[in-house]
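Here the structure comes first, spelled out in structure tokens, and everything after it is commentary.
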Amino acid sequence: MNPLVSGVAPGPLLGVNIDHIATLRNARGGSFPDPVHAAQVAVDGGADIITFHLREDRRHIRDADVQRIKADIRVPLNFESAVTDEMLGIIERIRPQMVCLVPERRQEITTEGGLDVAGQLERVRNACARLGAIGCRVSLFIEASPVQIEASARAGAPCVELHTGAYANACEAGDDALAQAELRRLHAGIEVARGLGLQTNAGHGLTLASTPQIAAMGQVSELHIGHALVGHALFVGMAQSVRDFKAVIARAAAPALTARP
Ligand SMILES: CC(=O)[C@@H](O)[C@H](O)COP(=O)(O)O
Ligand SMILES: NCC(=O)COP(=O)(O)O
């Protein structure tokens, strides 16, 4: 049974981001591979949540995908979007269980930094109120910065998703010292969030190799992983890729779980 239903999770839940199935589908302008079918296979493989980022430029996930995901997928949906009236209007029509508000810049290759909540507090607060009013659990995709975490609490968000991109990139580059420094920064952010009563999730750039140290932190509730999981799926299949990520998460989280009072 899905731990979101049973309430019993062996460590962080896994949100599978299906954006890059749509990247491959859009490469030829056709309908294959179908991101919604991939989402179902991911759920069959054990995905706890399906995450997708409807970008303003629709470079991967498209509006029709969102409609079909909502109709066909039976696990909680985590709708990632920019803080714009267009996107909030779409979310109000789709009514996903979860929304993650992220920064967007057309020129970016991928999400670069975290959302600047402190610099636009009223705008984010209004978005949180609008989404909370329709029952969405709102998370804010931010850097592990005390200023941004405290602003997220002031904005009324119950949850933050800490951007793990700098840590993941350091792992990719084999820079252990930087990776450890980023882990310390993330851990400090988790402590600040916990002190403010915020749920902490994490994501961006995580791979099979870099996921364990995030999963082992003990206070991370959800990991949202896409690019590397989809890449791994090209070689082992989507269901097995999900099982592989779930296995490394459970293995890494076990000591923290047994250490809990
Ligand atoms: C917010 C986040 O980290 C993911 O949604 C990431 O943006 C994946 O999508 P892109 O590869 O389009 O950035
Ligand atoms: N919010 C992170 C996410 O959804 C997946 O990011 P990535 O693993 O595709 O970099």
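Note that Cβ sites are derived from N, Cα and C of the backbone, with glycine treated the same way.
Heads up, TrEMBL stuff is auto-annotated, nobody curated it.
Taken straight from TrEMBL:
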| type | residues | note |
| --- | --- | --- |
| BINDING | Asn17, Arg28, Gly205, Gly226, His227 | 3-amino-2-oxopropyl phosphate binding site |
| BINDING | Asp19, His20, Arg55, His60, Thr110 | 1-deoxy-D-xylulose 5-phosphate binding site |
| ACT_SITE | His53 | active site, proton acceptor |
| ACT_SITE | Glu80 | active site, proton acceptor |
| SITE | Glu161 | site 'Transition state stabilizer' |
| ACT_SITE | His204 | active site, proton donor |
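Using a 10 Å Cα-Cα cut-off around Glu80 (active site, proton acceptor), the recorded positions His53, Arg55, Thr110, Gly205, Gly226 reduce to His53, Arg55. Taking the mean position of the Cβ atoms of Asp19, His20, Arg55, His60, Thr110 as the 1-deoxy-D-xylulose 5-phosphate site, the remaining residues of that chain whose Cβ falls within 8 Å of it are Asn17, Ala22, Thr23, His53, Arg59, Ile61, Gly226, His227. In the structure shown, the C-beta of Glu161 has more C-beta neighbours within 10 angstroms than that of any other entry among the recorded positions Asp19, Glu80, Glu161. Shown are the binding-site residues Gly205, Gly226; the one with the most C-beta atoms within 10 angstroms of its own C-beta is Gly226. Residue annotation for 1-deoxy-D-xylulose 5-phosphate gives Asp19, His20, Arg55, His60, Thr110. The furthest Cα pair among them is separated by 12 Å. Gly226 (3-amino-2-oxopropyl phosphate binding site) sits 7 Å from Asp19 (1-deoxy-D-xylulose 5-phosphate binding site), taking the CA atoms of both as reference points. Among the residues the record lists as binding 3-amino-2-oxopropyl phosphate, namely Asn17, Arg28, Gly205, Gly226, His227, the two farthest apart have Cα atoms separated by 25 Å.
Close to Arg28 (3-amino-2-oxopropyl phosphate binding site) in the fold, though at least 6 residues off in sequence, lies no residue with a CB less than 8 Å from its CB. Around the Cβ of His20 (1-deoxy-D-xylulose 5-phosphate binding site), the number of neighbouring Cβ atoms within 10 Å comes to 20.
Using a 10 angstroms CA-CA radius around Asp19 (1-deoxy-D-xylulose 5-phosphate binding site), none of the recorded positions in Glu161, His204, Gly205 qualify. Of the candidate recorded positions, His20, Arg55, His60, His204, the one lying closest to His227 (3-amino-2-oxopropyl phosphate binding site) when CA atoms are compared is His20. Between the C-alpha atoms of His204 (active site, proton donor) and Thr110 (1-deoxy-D-xylulose 5-phosphate binding site), the distance comes to 9 Å.
Least packed by the Cβ count within 10 Å, out of the binding-site residues Asn17, Thr110, is Thr110.
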